[in-house]
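Step one of this worksheet: look at the structure below.
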There are 2 protein chains.
Amino acid sequence: MSIAESGEFGLIGRIVSRLDSGTATILGPGDDAAVVRAADGRVVASTDVLVEGRHFRRDWCGPIDVGHRAAAANLADIAAMGATPTALLVALCVPPTLDSAWAEGLADGLTAEAALCGAAVVGGDTSSSPTLTIAVTALGDLGGREPVRRNGAQPGDILALSGRIGYAAAGYTILSRGFRTPKMLVEAYRRPEIRYAAGPEAARLGATSMIDVSDGLLQDVGHLSTASLVGIDIRTAAFDMPDQMRDTATALGLDPYQWVLAGGDDHPLAATFPAGTRLPADWREIGSVHDGSGVTVDRKPWSGPLGWDHFKVN
Amino acid sequence: MSIAESGEFGLIGRIVSRLDSGTATILGPGDDAAVVRAADGRVVASTDVLVEGRHFRRDWCGPIDVGHRAAAANLADIAAMGATPTALLVALCVPPTLDSAWAEGLADGLTAEAALCGAAVVGGDTSSSPTLTIAVTALGDLGGREPVRRNGAQPGDILALSGRIGYAAAGYTILSRGFRTPKMLVEAYRRPEIRYAAGPEAARLGATSMIDVSDGLLQDVGHLSTASLVGIDIRTAAFDMPDQMRDTATALGLDPYQWVLAGGDDHPLAATFPAGTRLPADWREIGSVHDGSGVTVDRKPWSGPLGWDHFKVN
């Protein structure tokens, strides 16, 4: 059934019936606003928007995958402050001809990804639109800790990463060349795997700065460098590059480090820690902080593309 | 300068430079997420989306007006829970050809409307899109009070309204017929006037149910009726209809009560109170709650259209 046939309240009803309640949910969908626990006395909040044709394609990703991605992009921002996600709100703009099963799949993906970190969809809005658009707001709780910002990196700190990097960009390249394998990389693009607990963990370990890598490692580590007024060097030998990535790059005549250094969509967390911090298994040291400015790769400037600007066509 | 020329970070910079900080803002735009005071230990949150051609037209409303409307639609939802708005997050999808002055005007409108109730824009996201879309999330604080939901109306309660009703719908009709006056009604459509303080005030007075009227009075009071399992009667004699509205309706051959009963966009608050509640000046008694179900007008069923479905073409 198309959404035009089911109507706005029909669509909302179908979506809401698929949502779970989270431990922080006091009042979920169905009233003018939701009420969410904010035990800390502060709430962390972030918004990200996905636009069809810009951030996803329906022929590349099913609705459940898009739901996972839309939720993950926001939940990772909450984790990058050192907070624990509690809730999502979703504004969904859909063409009236869209099958309502697609919207239901999206709701399933959103709620499943949120559940991975104990959060839940608590509210939202729907509208018709010529352009399928999903704007998600995530809320989170700091649990009494100070937020880890971008501006605290100090010369002498180590730079570390939690989560996969370059996989999603490789998957994107594969799909855009009309291929469907290696499956592991295509799946990484379709559905990021985020270590949400690594954010609060980093905060407890004394992380001096942290960011969600969504626009490419160089660009996002560049934000840490700019905000902290330090130079940061990334060591390429630190990355564990799977054979599939190396082989695919060779087959396509590409440098796989372009995916690692400039690719988005994996949403790993990058953070700086005081030298000597014993990093747990979730975190891998990938570089160092020094006096100066800008980001270097193996102590040299990087000459490839830097990352993603949503207003430029890549 | 077009947004394609200024780029994503240029656009964000231009917008952020126009924003004010609110009293609840702990950390505003510029990091992975914002941090907002939630002194109550709970946070109220609501999302609304405006799509060009569906919720606004650029030839009918300037960017500052659209900013006011986008903020107001959300802030009113927070007030309707009996809460005080604290913060807004904004996802903005714009065609790359849009002049960045339009986005700046939008930011001015958003921040000005938020300031009317002590809130501020604390974060957001931007993307290019063929369809100009503004998704806003509002946060609020309950100040120790219980949220006023839709399901507490009791037989014997009075129904009351705070704010203008029908004005915006009249303005919409005027604009859609190609006219530009009466100015008062056209301006009411362009920029709603919301009594944000009336929400917490109603909660303190013991309101048993409350809703933001955004889809038409009959439809939204219908939500109170359905959620509370009661019948509600609206008394048309209770409305103060300005001469301009009456005269315009006569000139166009329309029933002005259609605007009052089925028009959206004014965002007044409708609430039920125990019989005998002394209503302050902000609130006007417009009906009563009784055993039964459904909404009647002057004790009779209403035969006109009921309100607004965003998937149907009006």
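Quick reminder: no glycine exception, Cβ is built from N, Cα and C everywhere.
Just so you know, TrEMBL annotations never went through curation; they're auto-generated.
Taken straight from TrEMBL:
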type	residues	note
BINDING	B:Asp32, B:Ser46, B:Asp77	Mg(2+) 4 binding site
BINDING	B:Asp32, B:Asp77, B:Asp212	Mg(2+) 3 binding site
BINDING	B:Thr47, B:Asp48, B:Asp125	Mg(2+) 1 binding site
BINDING	B:Asp48, B:Asp77	Mg(2+) 2 binding site
BINDING	B:His55, B:Asp265, B:Trp308	substrate binding site
BINDING	B:Gly124, B:Asp125, B:Arg150, B:Ser214	ATP binding site
BINDING	B:Asp215	Mg(2+) 5 binding site
DOMAIN	B:30-140	domain 'PurM-like N-terminal'
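Applying an under-8 Å Cβ distance to chain A, the binding-site residues B:Asp32, B:Gly124, B:Ser214, B:Asp215, B:Asp265 reduce to B:Asp32, B:Gly124. B:Asp215 (Mg(2+) 5 binding site) sits 34 Å from B:Asp32 (Mg(2+) 4 binding site), taking the CA atoms of both as reference points. Take the CB of B:Asp32 (Mg(2+) 4 binding site) and look out to 10 A: across all protein chains shown you find 28 other CB atoms. Counting Cβ atoms from all protein chains shown, B:Gly124 (ATP binding site) has 28 others lying within 10 Å of its own Cβ. Looking at B:Ser46 (Mg(2+) 4 binding site) and B:Arg150 (ATP binding site), their Cα atoms lie 15 Å from each other. For the pair formed by B:Asp32 (Mg(2+) 4 binding site) and B:Asp48 (Mg(2+) 1 binding site), distance between Cα atoms is given as 22 Å, rounded to the nearest Å. The binding-site residues listed here (B:His55, B:Asp77, B:Asp212, B:Asp265) include B:Asp77 as those with a Cα within 10 A of the Cα of B:Asp48 (Mg(2+) 1 binding site). Mean model confidence for the domain 'PurM-like N-terminal' (B:30-140) is a pLDDT of 96. Here B:Asp212 (Mg(2+) 3 binding site) is compared against the binding-site residues B:Thr47, B:Asp77, B:Gly124, B:Asp125, B:Asp265, and the shortest C-alpha distance is to B:Asp77. When the Cα of B:His55 (substrate binding site) is compared against those of the binding-site residues B:Gly124, B:Arg150, B:Ser214, the shortest separation belongs to B:Ser214.
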